[in-house]
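Report on the following structure.
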Amino acid sequence: MWLYIPMIIILIIADQGLKFWISVNIKLGTSQVILPNVLALTNVRNDGAAWSVLSGQQWFFTVITIVALGLMGYFFWKLRSDNLYMLAISLLIAGTLGNFIDRIRLGYVVDMFETLFMNFPIFNVADMCLTFGVIIVIIALIKDEKDE
């Protein structure tokens with residue numbers, strides 16, 4: 001269990017560090033192409049959730065985040081002997097805290113990864129942690145279902 005705590009901390013530092021770098025080095029609303037026709041770093045502010053849903057509802061995000069972190073903390077402890085769930089929950093905690101830090105500190109979330117080959121919302125490291133965390137939870141649930 002204790003191996004996952006440093007992972008959470010490292011992911012949060014990576015998320016916050018990249019967000020800081022983007023904010024300092026790329027002008028708001030502009031992009032720097034990393035891989036032509038594939039990926040750009042774009043400095044955008046998102047005061048909503050994915051696809052800017054619930055834009056400007058910071059109180060709502062604060063309450064939901066605190067409740068979610070409480071639940072994740074409970075499952076982090078309860079499922080501490082299951083490495084697959086621990087990996088998933090650790091990613092979910094890192095992603096949740098990464099974006100929560102932005103919301104509390106800035107009032108918005110800094111997003112930066114823009115896919116150039118398809119129309120997809122701009123996202124950040126915390127969003128990737130959340131996405132992979134959910135995918136791993138689904139895999140763990142399917143695995144548990146097969147084991148029964």
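Note that Cβ sites are derived from N, Cα and C of the backbone, with glycine treated the same way.
As recorded in Swiss-Prot:
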ACT_SITE  ASP111  active site
ACT_SITE  ASP127  active site
TRANSMEM  2-22  transmembrane segment
TRANSMEM  59-79  transmembrane segment
TRANSMEM  81-101  transmembrane segment
TRANSMEM  122-142  transmembrane segment
Candidate ranges 59-79, 81-101, 122-142 - greatest C-beta contact count to the transmembrane segment (2-22) (under 8 angstroms): 81-101
Same-chain residues near the transmembrane segment (81-101), Cβ under 8 Å, at least 6 residues beyond its ends: 1, 4-5, 7-8, 11-12, 15-16, 61-62, 65, 68-69, 72-73, 75, 109, 124-134, 136-137, 139-140, 143
Local Cβ density at ASP127 (active site) - other Cβ atoms counted within 10 Å: 22
ASP127 (active site) to ASP111 (active site) - Cα separation in whole Å: 9
